[in-house]
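Enquirer: Before I ask anything, let me first share the structure, which is written out below as structure tokens.
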Amino acid sequence: MLTSDESIASLVRSKQYDSVMRSVPLATAAVVLNSLIVGGMLSGDLPDLWLLCWTVLTVTLGLWNLQQWSVWRRRKRPARVSSSRMHKLTVVGGVWGLLWSALPALLLAHDADGRHQGLLVATITVTLGVGSVCLGGAPRAAYAYVAAMSLGALTGYVASSGALQVLGPLQWLLYAGLIITAVRAVNLNVHARMNAEVRADHQNQLIGLLLRDFEEQGSDLLWEIDASGRLCHVSEQLAVSLGSKAELLNGRSLLAMLGELQTDLREADRESAHTLHQRLTEGQPFRDVMLPMKVGGQQRWWSVTAKPVVDERGTALGWRGVARDVTQARMADRRLAWLAHYDTLTGLTNRAHFRVLLEQALQNCRRLKTAGAVMCLDLDNFKGVNDTLGHPTGDALLIEVGRRLKEAVGKADVVARLGGDEFAVLLRTTGEEVEVSAVAQRILDALREPCMALGSTVPVRTSIGVARFPQDGTSVDEMMQHADLALYDAKANATGTMRYFVQRMGEQVRRRLVLERDLRDALELNQLSLHYQPKVDLATWRIIGFEALLRWQHPQHGNIPPSEFITVAEECGLILSMGAWALQHACAEAATWPEHLQVAVNISPLQVMTEDLPATVEGALRLSGLAPHRLELEITESVFINETRGTVNRLHALRKLGIQIALDDFGTGYSSLAYLRRFPFDTLKIDRAFVRELLISRDARAIVRNILALAKSLRMATVAEGVEEPAQVAVLSAEGCDIVQGYFVARPLPAHEVLPFVRQFRERSRPHMPTGFHLGSTEHATLAGATTLSSVTQPATLA
Ligand SMILES: Nc1nc2c(ncn2[C@@H]2O[C@@H]3COP(=O)(O)O[C@H]4[C@@H](O)[C@H](n5cnc6c(=O)[nH]c(N)nc65)O[C@@H]4COP(=O)(O)O[C@H]3[C@H]2O)c(=O)[nH]1
């Protein structure tokens, strides 16, 4: 690569050398001819030998020059010419000058009669001019030539006589001076131009190398089209990037080629080719025009920048530009934009984008008087699924739910995942109750079937809260809040239902939110306690144990019933710590009771789903020292709704510890009989709803009878809950129930009243059981001689 001034000088010398060599054939021919003419004319006036030698020398030098010329022509021109070669040229110039200077030097002194003066002066003057012109490209050679010739001419003029002796040198000096000045001036010019050319060449090479290097190293590609839009100077890099070869691309129309690369693109993407066409037509420089194309079946994105190339008169010569493959950056941008709008797990609209869409829908509603609705829903059992089956299954469930939701709504509607297990639907085309309800029903139907998530069959339970616009709200926050309130309401009533927002919901939900907040502190602030309700054996009328029931004494709201706060605790996951607390306290309390008394503790389905339940129970027993057979765990049928192999295994593990397991609220749930077969419960608790109806409904009595028979055949003990009247005791006893529990015996007692109650109870005799009980035709119970305790206070006083 050319880098130094010396390199540039050598290129300049090369151009000088070339300019001299180009004139060699003509100049040699002229000189040889000249020397032959002069030789012929002077023959006889000069010694023959001298003349012969001069002519031979001149012709030989001419021939040698020709030979040098032919070598120069045949050889590939040397890019660089050394200064020694230029010296050689100077010497040759000097030798030519000396040869020609010999003529005047010798002849003018000997030409006494002046016969040849005219010819001689004309010849040497012309030869001076011609030689200088031929050597002019290499000024030093020209100077050497002029100097050598001047030596001979001046010597000759001085040795001559007459006017020539004075005027000859003057004339010669004038000519020589003129020639030197002209050669110098021309040469300075030429030299400057050559220098500029060489430097420009040098720079072009350098730029070329840099650009090639730039193309090879970086991601930028250089491209060029001519005035007719055809690609020229296509680099390998550019060709490879276009999936072709440079020789195939050179001369092809850029736009036609892009058209081919864009045929497989979407209409919107193809528009950019049109933009490029427009920019090229406008003739204005442009920057970063985005150009999609498909190369080798892969979507690529190029950012194209270019400016027109014009000549000095402003005529368009074409375009030159840079293209950069920005596919990666574009993909990353798209991904970022996607992430900003969609949920990565389900691919549904995310919360932020949902709010934007809702805002647009509300604006349309105001402008175009349209209507719509927002639905909020979440999965009741999602936390349990995550805790028991693991997060991957939870994720698979969310994906499946998202898919079903999309299927259930219309094309114009938006389904979003707001986070966790919260979903929302935006109906943009209707707010009509009939249509909204139909969509909600389709959603509930779609989610009714259990989902297959990573091999597990997971039942889905959801409720829907709906707020409609314009009537239920005008802002995004208001709409979302109202749909949420409706959802709370739906969940509080029954799972699998939908509720429309109505104004009263606000107050209820606010209370619920306050409860949730305060419940988090309740344990630490010692606001929770356990009350104990006795269970009595019907055969012996002895207390066999107590059921532990949670109580919450709220500082502002007073006594809050478990029916209200247990659901809240389950929803926010607090039930796990509260349940563990209840277990430890109940065990510790029961350990202070007489040995024959059991304690029953309610266990939430969420607790049963957690793997560490057996460890928690074992810990409570160990800490309290309570014998395992004195502990009974009451679980409800809902445990089996999300049943997994783990659930049943856990129950078996608990039984292995020696603990009793009771099935609570039997008869109120789903397919109760199936559950009984799945796990061998020790005790079956008949829900108080049946006991309440016992005296007034034949059906209830028939159900109770069947439950008791079933339990007997499965060798389970039976407990009837909510027994309030002696007549109920009589019937239950007659039907073969083992144990009763209810206000008839006692309301749940604070811990410190348990032992006094037990002592007092022992002293009491079995109550008088009414006889002759039968159901009247109106199904209202009549009980001959029965003491009906309709408003029982504790403890029940029996005659
Ligand atoms: N009308 C009427 N009611 C009677 C009668 N006898 C007892 N009861 C009430 O019936 C409920 C029996 O408890 P449950 O069915 O396990 O139902 C319980 C249980 O499901 C849940 N619960 C209470 N404590 C706990 C606990 O520590 N853990 C869990 N997970 N749940 C609990 O809260 C529910 C309600 O508890 P409580 O309000 O204490 O209500 C208790 C009790 O006070 C009666 O003769 N008539």
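Each residue's number is its place along the chain shown, starting with 1.
Using the three backbone atoms N, Cα and C, a Cβ is placed for every residue, glycine included.
Model, not experiment: these values are computed from the prediction.
From TrEMBL, here are the annotated features:
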- 23-43: transmembrane segment (TRANSMEM)
- 49-66: transmembrane segment (TRANSMEM)
- 87-110: transmembrane segment (TRANSMEM)
- 116-135: transmembrane segment (TRANSMEM)
- 142-160: transmembrane segment (TRANSMEM)
- 284-338: domain 'PAC' (DOMAIN)
- 370-505: domain 'GGDEF' (DOMAIN)
- 512-762: domain 'EAL' (DOMAIN)
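Mind mapping these onto the model and telling me what they sit next to?
Expert: Residues 24-25, 27-29, 31-32, 35-36, 39, 42-43, 92, 95-96, 99, 102-103, 106 of the same chain lie 6+ residues outside the transmembrane segment (49-66) yet bring a C-beta within less than 8 angstroms of a C-beta in it.
Listed as Cβ neighbours of the transmembrane segment (116-135) (distance under 8 Å, sequence separation of 6 or more from its ends, same chain) are residues 20, 23-24, 26-27, 30-31, 34, 38, 41-42, 45, 89, 93, 96-97, 100-101, 103-104, 107-108, 141-142, 145-146, 149, 152-153, 156, 160, 164, 168, 172, 175-176, 179, 182-183.
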Enquirer: Residue list, the transmembrane segment (23-43) vs rest of chain: Cβ under 8 Å, 6 or more residues beyond ends.
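Expert: Counting only partners 6 or more residues beyond its ends, the transmembrane segment (23-43) has Cβ contacts under 8 Å with 51, 54-55, 58-59, 62-63, 65-66, 68-69, 72, 96, 103, 107, 116, 119, 123, 127, 130-131, 133-134, 137.
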Enquirer: Can you check how the pLDDT averages out over the domain 'PAC' (284-338)?
Expert: 84
Enquirer: Looking only at the domain 'PAC' (284-338), how are its residues distributed among DSSP helix, strand and coil?
Expert: 12 helix, 33 strand, 10 coil
